[in-house]
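*Asks:* Mind having a look at this structure? Questions to follow.
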C-alpha cells in the first residue's frame, strides 16, 4: 500500500493553513536573504566591520554548521543569499508544491541550511531572536507536504508548539522581569523607547494612560492564557490563533521589529482549521479530493516528530525556570529554541549621534531607521531588518559595542562606499570628513503642544561624548 490517509495523521482541514504557512514562511526567508545580500558584505564581509574570515580563524568552531567554515568570500555570500531568494520565490509562487512531497521538503531544508550558514557566522549582527525563529519555522515547514498529499497533523502540532514557546515564553519573561509589566505601566514607556519606532509609534505613545494599561492586560492574556488554547479542539484553537494574529498586527502597527511579528502571524495559521472553507487557490479546499501521503513521507514526519519531542525538553524546562533565558538555542542546529522579548523596559531613550567635521562645522550622519533628526518622522521598515540601526540602539543602552563601532567610525573616516550605503544620509557626499565624533543624546517624544508648534517628533538634549574627535584632520575646539 503506497498511500497513508488516516485522519489522525493527515487532514484536509489544514489545507488553507498549509497554503499560508508555506508561502508566508518562504516570503519571510526572501526578505531575510535580501537583507543579507544587501547588508552582510559591509557589516561582516571580507572588508566589513567584523570580517567573517577573521572570526572563523579565531574560534575553535562556529556556533553551528555553516558553508563558510573553510572559505568565505563576498561573492560566495551573495550567491548563497540570492539562491535563497530564488528558492523562496519558487515556494511563494507554489511551484514545488505542485510536485511530490519531497520537492517542497528539499526546498525548505535548503532555505534552512543556507540561512543557518549565514546566521552562524553573523556574530552580533545576527544575534536576534527572530533569526533562530525563522530557522526553526523553515525546518518544520519542510514537512508540511505538497498539493499531492493531505497536511500532516504532526507537523501542524509542531508548529503550534513553536507558537506556544514563542508567545508563552515572551509572556513569562515579562512576568518574571520588569515590574512595569506587573503594575501595568510598561506601555507608558515602550512606544517611546523601543529600538526602532515607526510612523505610528508617536501616536500610540500619546494614547490615554488607562488605555496603555488595557494594552498590557491584553498582552498578558494573549501571551499567558491564549497559547494553551492553541492545543484545544476546533474552533477554539482557531479563535486562539485569531487572538495571536490580532495582537501581532497591533505590534506591527506600532513598531519595527523586523519580521518577528509577521512570522508569528504566519505561524499562528497552524491553529486555523477550516474544514468547510472553499478557496479556489487552495487545493483540497473547494471539494477536490486530496490523497493521503506516501509511506516514506509519513515515516519522515514521524521521525521529525520524535526528534522535536526529544529536543523540546530543554525549552520546556526553560519556560518554567526561575533563570529563564530568552532567544537561545540548545543545540547547533537551531531547533527547539527558547524565545522571549522585552523582559525589561527602558524608561529613557538615549541615541548615539555620529558627526563629521568639515573644518567649520559638525555635520550629522543620518540612519534609515534609527532616530536622528528630531523633525524627521520615523519610517516603516519591518519586516525588513536594518541590522546596523538596531545595533546602534544597543550601543546607546551602554552594551559593549566598540568591537564593531570603532571599525564603523574608521570606515566613515575613509569614506568607505559600502559602509556609506548602509546610511540614509552622508553629509559629505561620499567624501571623507576631517574628523569624527560620537555624542550621546537623550531623546523624548514631543508633547501634543510641542508638535503643533514645531512639527518636530522628538526633543533631544546632549548628555556627553561617547567617542571624542578622532581623525587626521586639524584639531577641533573639542580636541
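Even glycines carry a Cβ here, placed using N, Cα and C.
Please treat TrEMBL annotations as automatic predictions, because they have not gone through curation.
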*Asks:* Among 185-206, 295-316, 317-338, where does TrEMBL put the label transmembrane segment?
*Replies:* 295-316
*Asks:* Transmembrane segment per TrEMBL: which of the ranges 102-121, 162-181 is that?
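*Replies:* Checking TrEMBL against the ranges 102-121, 162-181, the transmembrane segment one is 102-121.
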*Asks:* Quick one: which of 46-70, 221-245 does TrEMBL have down as transmembrane segment?
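*Replies:* Checking TrEMBL against the ranges 46-70, 221-245, the transmembrane segment one is 221-245.
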*Asks:* Using DSSP, what is the helix/strand/coil residue split across the domain 'Lipase maturation factor 1/2 C-terminal' (336-468)?
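*Replies:* Computed counts for the domain 'Lipase maturation factor 1/2 C-terminal' (336-468) are 33 helix, 37 strand, 63 coil.
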*Asks:* By DSSP, what is the split of the domain 'Lipase maturation factor 1/2 N-terminal' (126-273) into helix, strand and coil residues?
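*Replies:* Summed over the domain 'Lipase maturation factor 1/2 N-terminal' (126-273), the classes give 106 helix, 2 strand, 40 coil.
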*Asks:* Sequence-remote contacts (6 or more beyond its ends) of the transmembrane segment (295-316), Cβ cut-off under 8 Å?
*Replies:* 1-4, 9-10, 101-102, 105, 140, 143, 145, 149, 152, 154-155, 158, 161, 165, 169, 330-331, 335-338
